[in-house]
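One structure is given below, encoded as structure tokens.
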Amino acid sequence: MGTENPNRANNLQGPSATPFAAPRANMPISSSHPMVGSQTSAFRPTSVPAMPNASPFSSPGPTAGSGTPGFRPMQPGRATPSYGPPTTGPPQRVPAPQFSSTSQPTPSQTSHVGQPILPPSMRPPPPSYVPSVPMGSPPQSLYNAPSSNNPPRSFVDSPYSASGPNIQPPPSSTRPTYPGYPGMQSNQVNPPPPPPPVYNQGGYAPSQPPMPAPFSSHQGGYGQVPPVAPSSGMYGGGSAPPTGVMSGLAEDFCSLSLGSAPGSFDGGLDAKALPRPLDGDVEPSSFAGMYPMNCDSRYLRLTTSAIPNSQSLVSRWQLPLGAVVCPLAETPEGEEVPVVNFATMGIVRCRRCRTYVNPYVTFTDGGRKWRCNICALLNDVQNDYFAHLDATGKRVDLDQHPELTKGSVEFVAPAEYMVRPPMPPLYFFMIDVSISAVKSGMLEVMAQTIKSCLDNLPGSPRTQIGFITFDSTIHFYNMKSSLTQPQMMVVSDLDDVFVPLPDDLLVNLSESRPVVEAFLDSLPSMFQDNVNVESAFGPALKAAFMVMSQLGGKLLIFQSTLPSLGVGRLKLRGDDLRVYGTDKEHTLRIPEDPFYKQMAADFTKFQVAVNIYAFSDKYTDIASLGTLAKYTGGQVYHYPSFHSTIHKDRLRHELARDLTRETAWEAVMRIRCGKGVRFTSYHGNFMLRSTDLIALPAVDCDKAYAMQFALEETLLTTQIVYFQVALLYTASCGERRIRVHTAAASVVTDLGEMYRQADTGAVVSLLSRLAIEKSLSYKLEDARNAVQLKIVKALKEYRKLYSVQHRVGGRMIYPESLKYLPLYGLSICKSTALRGGYADAQLDERCAAGFTMMALPVKKMLKLLYPSLLRVDEYLVKAPTVDDEFDRVCRRLPLAAESLDSRGIYILDDGFRIVVWFGRMLSPDLARNLVEEDSATDFARNQTRRTTSGRVLSTLKFS
Amino acid sequence: MWDTLSWLLFFFILIAIVVIVVYQLICFADLEFDYLNPYDSASRINNVIIPEFITQGVLCVLCLVTGHWMMFILSVPCLLYNMRLYARRQHLVDVTEIFNQLDVAKKQRLFKLGHLISLLFITLFWMIYNALEDDEM
């Protein structure tokens, strides 16, 4: 930015500063701008009148306006809220940029309104924008003009207008024709894949549903994500009159102007202009597009599918360079990972780098040798594996070898991949039965849930199960199959814990099923009169460790008080307001007692994964307890102030999923990559066993791991870099397997290409993990600033690529692929783990959220960061018809205050809970029908949160 | 005569500390090249850290007691640093985070080693110097 003239610099501040600095202000998410109201349409009518003189321009305006500099001035006039033209906004605008670009070459900028001057490219560019400059109120025209003022004209010009029937040739195709910007061409050649939807509005009629009026399309913009035209992005809100030509910009980047326009009453931006991920996560198509044999992006996502070829390029790409791996991601029906059994042959691997055979290896020498794609070593093909090559150099038996055609395969591992016989799935429960656990109803819900899941535990009939309960003493249960009732043994010596019975504490579920069920049935009643408030957590943990260390498995801990007895007892160090903002702030978020880290390390060593369920309404030091889950590949579930009437469903759902989802046991994971690239750091819930070997006592589909890589050499000479993730694990069925995901990415020399192929989801996932890690050793403020700084730097770097050629003025420009990055950046800063300070989130909730986010796969992470908001009252009022109608009626709304109408009911779903929001003016009938009580009294009792504009009913269930 | 003996004592104490620090560095290197797992490596390193700190403390006290002010001032920064680590409970290597701490920990020990070796040379010089002086008398 620095290079630009002062004028611009000023404008810039707006863009860069606002989005990021604003986190607290909420801007993007809940834009406070009143103007727009819930419906955009509302304000339009008013604007229309103002337009009369403007109209001539206006018609072109919508389209052209945004792009051309001249146009910008108009913006001020726009409806007051007129923040920069919405990027997402009106479809009409979208086309504009392209327009402008084309038109610009023509000298005729001054040409009048409406006249369609056709640039060589034959687009009807309305040069008219330019004229618009003088106009005071043109902005409105953007919206209205086309339809209301001179409909016919708009139609004619329609290429821009959303009305879309007339199809414009896609900008990309036309573009080459312009002689004007040779320089650009190269970059533009491949427009980012995502844009297509965008174009719809402007150019491509086909995909877009025909919208009669520009308005409507406009509104639609909200509902449909795509409206944000990637290419079109240029809305000139900025006052700076960039004199430069905008041509060619369309495919290169989107832009957004955030500064207030001169003459307008209030500065800021149009909330509608902001791109919002209302379609959820969109996976970049370039990953699989260029290399069809890559594994699916649900397993492996790179922050950019274009690997930089030099150190200098890496340093200019300001975002993290890395990958997010979810090795066991859930597969849709019919796309299961094929299992390959080499039987006696042994798994085919490279001799030197130990890479597994994959679709990218090449066979030579008539099929007798194969070249490793990662280290380029020529390996001999074993006799059993030999096959002739056909004329194209491919093996003739290719179709019988999924490992040579698919990016994801599972090999059945022979005995040399085992250090011991495969372990059975093992679930061990460590349950707090002190008074708070009993009173909250946790014990009952938990016992019922476990009982209902017994049939579905994976790995039957080998599954093993066991229980310990504890308060100030530790209770063991003998579940031997010959008994009818479990025998309870109490150990009260907390300083020197011993296991009273070496066997029979862990029993085979199918053999001891009646005993286990009898235990679960009697568990709530056994302790219902317990008044013990102490918790011998540490000693119980040691006991559990002694029981489990033979086999490993999964340890589920249900804890509802602060550990108060024996080793590992924790202090009420609490959430001290005075500590916030000082250098000691982070110590609240790290474990207090080294006991927990040591235990976690020991658990990992013996293949035990720990999942923590915490229920207390008071401080329980999740920061310390969560450490157990963090280093053992587990997970933390936190139910603040658990009460069975409210949180029952959520606990049931989460516990059932935890128990029944497919789980991989005693696993290790390694990611290999080609020469010149090296993985340097790993982020997630696991422990490193050696520099690049991740130890995972238990893995499942809800866990993902992030890693960053760096270039080892200053210059990469290869054209392609390969990545191979290998997860060696014991399946629940008792088979040892290796799941291998292979992917290729091309090496590029151009920074623009890196941005074009960036993957917002992976970047966000990695950034949030880095931020959370940072919050463990620095202040929250620092962690948030680091995220913002990274994004600002990246956008600044991106701007440098184009500002010189295009004089983009006061607008913020960003690559299509990263258009949601600023928004997600804000979401990260506002996430429970990182937001605000002392008052904004309880320490326990903050820590629990941090542990959760460190483990989430990309899609769930994005949903947590930007939850979906649906308005459901219209759907509820209508008679229920077909099932699929729900999707049609209820579209995701932007998370802005203006999307909330006080007459509606809304559902907010972040993947972990659902918040139902009842508007203040909601018809009483509807409310009564829903809650079966008079709304006023009911809400008064049940509401857990209150907002200024409505009431929120609390957590309903886990989705 | 006493002077020479005290220098000799310092010399051996310094050698002991150097050996401990080098041992830690070797453990880190083994860990890095995967000859040692993090559990063993961390416990080996942690076992020698307290002895190292104590020896360092003894050295400082001896310098003070024998009146070698210069030597005391030179070795006291290291002692203070050790005490600071200890007070913050950062002196031990953390098994779970050992790979993330590897670079910092290695650098820290290399600096320490450099410092110790320079002390060692100073000691050696004074020891020989004193021995020669004793001879002349």
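Just so you know, glycine gets a Cβ as well, placed from its N, Cα and C.
What TrEMBL lists as compositional bias 'Polar residues' is A:1-16 (among others).
According to TrEMBL, the feature compositional bias 'Polar residues' maps to A:28-44 (among others).
What TrEMBL lists as compositional bias 'Low complexity' is A:54-71 (among others).
Residues annotated as compositional bias 'Pro residues' in TrEMBL: A:83-94 (among others).
Among the features that TrEMBL reports, compositional bias 'Low complexity' is placed at A:97-111 (among others).
As annotated by TrEMBL, compositional bias 'Pro residues' applies to A:117-129 (among others).
Taken from TrEMBL, the feature compositional bias 'Low complexity' covers A:130-139 (among others).
Look at TrEMBL and you will find A:140-152 (among others) tagged as compositional bias 'Polar residues'.
Cβ atoms under 8 Å from those of the domain 'Zinc finger Sec23/Sec24-type' (A:347-385) belong to residues 293, 393-395, 403-407, 411, 413-414, 672-675, 722, 724, 726, 738, 740, 742, 744 of the same chain, restricted to positions at least 6 beyond its ends. Annotation source TrEMBL lists domain 'Zinc finger Sec23/Sec24-type' at A:347-385.
Under the heading domain 'Sec23/Sec24 trunk', TrEMBL lists A:422-658.
The domain 'Sec23/Sec24 beta-sandwich' annotation in TrEMBL covers A:664-747. Secondary structure of the domain 'Sec23/Sec24 beta-sandwich' (A:664-747) per DSSP, as helix, strand and coil residue counts: 0 helix, 60 strand, 24 coil.
The domain 'Sec23/Sec24 helical' annotation in TrEMBL covers A:759-862.
Marked as domain 'Gelsolin-like' by TrEMBL: A:893-940. The average pLDDT the prediction assigns to the domain 'Gelsolin-like' (A:893-940) is 77.
The region 'Disordered' annotation in TrEMBL covers A:1-236.
Count of Cβ pairs under 8 Å against the domain 'Sec23/Sec24 beta-sandwich' (A:664-747): among A:422-658, A:759-862, A:893-940, the largest is for A:422-658. Across the domain 'Sec23/Sec24 helical' (A:759-862), DSSP assigns 75 helix, 4 strand, 25 coil.
Across the domain 'Zinc finger Sec23/Sec24-type' (A:347-385), DSSP classifies residues as 6 helix, 11 strand, 22 coil. Under DSSP, the residues of the domain 'Gelsolin-like' (A:893-940) split into helix, strand and coil as follows: 17 helix, 12 strand, 19 coil.
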